[in-house]
Amino acid sequence: MAAGMYLEHYLDSIENLPFELQRNFQLMRDLDQRTEDLKAEIDKLATEYMSSARSLSSEEKLALLKQIQEAYGKCKEFGDDKVQLAMQTYEMVDKHIRRLDTDLARFEADLKEKQIESSDYDSSSSKGKKKGRTQKEKKAARARSKGKNSDEEAPKTAQKKLKLVRTSPEYGMPSVTFGSVHPSDVLDMPVDPNEPTYCLCHQVSYGEMIGCDNPDCSIEWFHFACVGLTTKPRGKWFCPRCSQERKKK
C-alpha cells in the first residue's frame, strides 16, 4: 500500500476525533459549572444552618443537614463523571495513536519488502551481465585470431564494454538484507509503558470504571466487569478489598 493510501486511511479514521474531543471537553466544563453551582448552594445552606441553628427545630436542622449531605453527594457524582470522561478521552486519543503506530509499522514492512524484491532483481541482473560478458570475451578471442586489425580493435571494444558492465551496479540500488517481517510483529503493538494501570486486574483504563469511596484505597479505580457491576450503584461504593477491611473493623 502506498504512503498516500496509509495517510488517507489514517486521516479518515481521525476525521471525527476533534468533534468527539470537543464534546467531551464541553461535558466536563458543564460538570464543572454544575459542581460550582452546588458548592454555592452548599455554602448558602451552611450559612443558613449556622446563623439560625438555635432557632431551628430538630426536624428543620436534620432537613438542612440532609440537603447539605445530598448536595455533597451530587458534587462527588459530578467529580466521578468528570474523571470517567477524562479517562474516555485519554483512551480515545490513545487508540488513534496506536492506530498510527500500527500503520507506520505496516508501511515500514512494505518498504522493507520492496527493498528485498529490488535486491533480488539487482542480483539476477548482475548474473545475466556476467554471462553476457563471457560470451563477448569469446567473440573477442575469435576476432584476434583473424588478423592484426581485428586483434587490436576487438580487445579495446571488449574492454570498454567490460568496464561499463563492472561499473553499472554502483549506480543501481544497493543490496540490503532484512529479517523476515511477520504480520504478528506489526499487529501486536506494545502497550504504552507510561500508561497507568488500575483495578484488580492491573490493566489500563478501558470501558466503564468506578471509583472506590475509600480515600485510602490503593487502587482507586475498577472496571465494571472485574467487580461484577453492570450499572453505577447509588450511594457510596467500596471495592472488594476495602469492603473486607471495613467488615473487620
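Glycine residues also receive a Cβ, built from the backbone N, Cα and C atoms like all the rest.
As given in Swiss-Prot:
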BINDING   Cys199, Cys201, His223, Cys226  Zn(2+) 1 binding site
BINDING   Cys212, Cys217, Cys239, Cys242  Zn(2+) 2 binding site
COILED    25-118  coiled coil
MOD_RES   Arg133  citrulline
MOD_RES   Arg166  citrulline
REGION    115-164  region 'Disordered'
MOTIF     127-148  motif 'Bipartite nuclear localization signal'
SITE      Tyr198  site 'Histone H3K4me3 binding'
SITE      Met209  site 'Histone H3K4me3 binding'
SITE      Asp213  site 'Histone H3K4me3 binding'
SITE      Trp221  site 'Histone H3K4me3 binding'
ZN_FING   196-245  zinc finger
Of Cys199, Met209, Cys217, the recorded positions given in the record, which has the fewest other CB atoms within 10 A of its CB?
Cys217
Going by Cα-Cα distance, pick out whichever of the recorded positions Cys217, Trp221, Cys226, Cys242 is nearest to Tyr198 (site 'Histone H3K4me3 binding').
Trp221
According to DSSP, which of helix, strand or coil covers Cys226 (Zn(2+) 1 binding site)?
helix
Taking Cα-Cα distance, which of the recorded positions Cys201, Met209, Asp213, Trp221 are within 10 Å of Cys239 (Zn(2+) 2 binding site)?
Asp213, Trp221
Considering only the recorded positions Cys201, Met209, Cys242, which fall within 10 Å of Trp221 (site 'Histone H3K4me3 binding') when distances are taken between Cα atoms?
Met209
Among the recorded positions listed here (Met209, Asp213, Cys217, Cys242), which has the Cα closest to the Cα of Cys226 (Zn(2+) 1 binding site)?
Met209
Any idea which of the binding-site residues Cys201, Cys226, Cys239 has the thinnest Cβ neighbourhood at 10 Å?
Cys201
Between the binding-site residues Cys199, Cys201, His223, which lies closest to Cys242 (Zn(2+) 2 binding site), Cα to Cα?
Cys199
Helix, strand, coil: count each for the residues of the zinc finger (196-245), based on DSSP.
9 helix, 10 strand, 31 coil
Per-residue pLDDT averaged over the coiled coil (25-118) comes to what?
88
Have a look around Cys212 (Zn(2+) 2 binding site) and count the other CB atoms within 10 A of its CB, chains all included.
21
